[in-house]
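Feature list (source: TrEMBL):
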{"type": "TRANSMEM", "residues": "7-24", "note": "transmembrane segment"}
{"type": "TRANSMEM", "residues": "36-54", "note": "transmembrane segment"}
């Protein structure tokens, strides 16, 4: 598509103003506004269609030109290879096996939660009141 929507708005606004002022002398203001809006919408759509057709025609020339001059094999395949990591992987496995005798890893042993089940209800109510006052 050639250009921007700004062209559509400019042509549509020009058509609106021209139609509005020419229609205002013979019609009421609302009828003149309605005719102006119709003019704006029709011209906006016509300019949009014209821009699309011109953009399509111009786009066909641009697509055909590079194919003639470009190399046919360029851009058809991706020639990427991954590095050979086999030796590094073997070394890591050997290091892991030799470090297996080292017992430096100690799993985490978190403290266990203790619930208070033997507490009297009066004592719990007093603790709750004390926390509420703070």
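Cβ atoms here come from the backbone N, Cα and C positions, even for glycine.
Below 8 angstroms of C-beta separation, residues 1-3, 7-9, 11-20, 23 of the same chain, each at least six residues beyond the ends of the transmembrane segment (36-54), sit close to that stretch. Long-range contacts of the transmembrane segment (7-24) within the same chain: residues 31-33, 35-44, 47-48, 51, each at least 6 residues beyond the stretch ends and with a Cβ under 8 Å from a Cβ of the stretch.
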